[in-house]
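Copied over from TrEMBL:
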TRANSMEM  16-39  transmembrane segment
TRANSMEM  45-66  transmembrane segment
TRANSMEM  78-104  transmembrane segment
TRANSMEM  148-167  transmembrane segment
TRANSMEM  187-206  transmembrane segment
TRANSMEM  227-248  transmembrane segment
TRANSMEM  272-296  transmembrane segment
TRANSMEM  335-353  transmembrane segment
TRANSMEM  359-383  transmembrane segment
TRANSMEM  395-421  transmembrane segment
TRANSMEM  433-453  transmembrane segment
Amino acid sequence: MTTQGLTRRKMSGGGVWLFQVGASSPMAVLAGGIVATYAATGLTATPLTFPLLGGLLGLLAVGYVAMSRTVPHAAPAYALLAHAFGPVAGLTGGALALVFYSAIQMSLYGLIGVTISGLVGGPWLLWSAVIWLIVSVCGLLHVSLSAFVVGSVLCVELAVIALFDIASFTHPFGGSITTAPISLSGLWAPGIGGAFALGIAAFIGFDTAPAYSEEVRTSRSIGRSTLAAVLFMALFYGFSAWALAVAVGDKQIATTAANPDAGLPFGLFDQWYGSGLSLLATLLLVTSVTVAMLSFHNTIARYLFAMAREGVLPGWLARTGTRGRAQGAPTGGSIVQSISALVIVGLFAAVGADPIGVIFTWFSAAGAVGILVMLVLISAGAIRFYRRGGGSTEGLFTTTVLPSLGVIGGVGVLAIMVSHLSSLLAIADDSPLQAIIPAAVVLTVIAGVVWGFTMRARRASVLAEVGKGRPDPLRVLDQRLQDLDV
């Protein structure tokens, strides 16, 4: 089935990598995720969780990326699960992606509003609304322009974090570099589950590359950028987590991280480099989160576009820009994503929900659990897809061995995460509230299944085409050919 499509062959592998790493928000990982992990779990060996989780997510990515080469689609979870398990499973995958990518993106509105409010004053909701407007406008631009914005911010951000890491090791606490944070003996401690959950949240974004499969110049770009993104995050975040412990001291890191007056890591920037770089780092936290929000916005918009293109969502969601800087961008999906974020975050704010304790913490935790469930299902789907003869050019390790290890590891990490939600969410171990996030995942799966069976009863012909949409080459220009004279 050929239909309208996004801008074809416009994006480089480097551009995809920028969106993947940008979506993970490196400065937010350092200032938020790593500090929060030390504070909430007290796990000294937090740096080791990043390469461990990177290895797991790399395994889960093998089948995902390989299948996306065979089945390129702007809504990969939706299309890949449809090809592996059938169209009802495809709709379930689409529901998981839409709900939990949205949860991650919306969680960031709470974080960014509070961050800007702390810098310049004013209500957090006002600043969240300003960022919402910026993301909404950038989301209407075609992907190469968005990549330029993301790349410009990300390069400065990574350079500043590198300066932090260098200063940590040249100014270690007590005058010597501690190796306790990278000792395996300290890894399997009571806080490991919480560290895994927060660590998974730090990586989310690496998995968005297949959503750009119609827009990249070569199909191999997706696999290369995904491998590079996972490897980079695992090493860079792990090293930065170690650097923070070296600067503060492995014995003091948990209590210092839990003390808001310590101002980690910005207080250290101020101490080493002066107030100028400290202010720049704080501003980069704002831009980092904004870039992450734009990356998730783009992914969600592409899911809405691709699913609408095949008739399972209203057709107007499949509209793309036709002129100027919006040409080829999924404008229909982008507008709906912007409106849904505004309404949902606005409703939580209207009832007085705490922007950090509720909007950021709960939504990001839900997103981490939901996206990991989605990745495990896709990896299992890849095994089934290849066993049934799909993509026969791939080797045994790609089709079976590595995806199987990913499924086993993913289920194990999910069990650990769910069993430690109470500590992450600051609720009692016996509180019924800890069932909310697992229940949200289960209800989303059920909703996807019901959606599928309803379509089977009422629109069977549409259901049969789930995951099969392709851009029509006669309607959507391959950008590699735009300069040819014919």
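Cβ atoms here come from the backbone N, Cα and C positions, even for glycine.
Please treat TrEMBL annotations as automatic predictions, because they have not gone through curation.
The transmembrane segment (187-206) and the transmembrane segment (45-66) are in contact, since at least 3 Cβ pairs between them lie under 8 Å (pairs 6 or more apart in sequence).
Within its own chain, the transmembrane segment (148-167) has Cβ neighbours under 8 Å at 14-15, 18-19, 21-22, 26-27, 30, 138, 236, 239-240, 243, 247, 265, 268-269, 272-273, 277, 280-281, 284, 287-288, 290-291, 294-295, counting only residues six or more beyond its boundaries. Put simply, of 78-104, 227-248, 272-296, the stretch with the most CB pairs closer than 8 A to the transmembrane segment (45-66) is 227-248. Simply put, out of 16-39, 78-104, 335-353, 395-421, 433-453, 78-104 has the most Cβ pairs sitting under 8 Å from the transmembrane segment (359-383). Sequence-remote contacts of a segment are chain residues at least 6 beyond its ends whose Cβ falls under 8 Å from one of its Cβ atoms, and for the transmembrane segment (78-104) they are 64, 67-68, 71, 201, 204, 208, 210, 296, 299-300, 303-304, 306-307, 312, 337, 340-341, 344, 363-364, 366-371, 373-374, 377-378, 380-382, 384-385, 390, 440-441, 444-445, 447-449, 451-453, 455-456, 463-464, 466-469. For the transmembrane segment (395-421), the partner stretch with the most Cβ pairs below 8 Å, chosen from 16-39, 227-248, 335-353, 433-453, is 433-453. Residues 46, 49, 108, 111, 146-147, 150-151, 153-154, 157-158, 160-161, 164, 194-195, 198-199, 201-206, 208-209, 212, 216, 221-222, 225-226, 228-229, 232-233, 236-237, 240-241, 244-245, 253-254, 257-258, 264-266, 281, 284-285, 287-289, 291-292, 294-296, 298-299 of the same chain sit 6 or more residues outside the transmembrane segment (16-39) yet have a Cβ under 8 Å from a Cβ within it.
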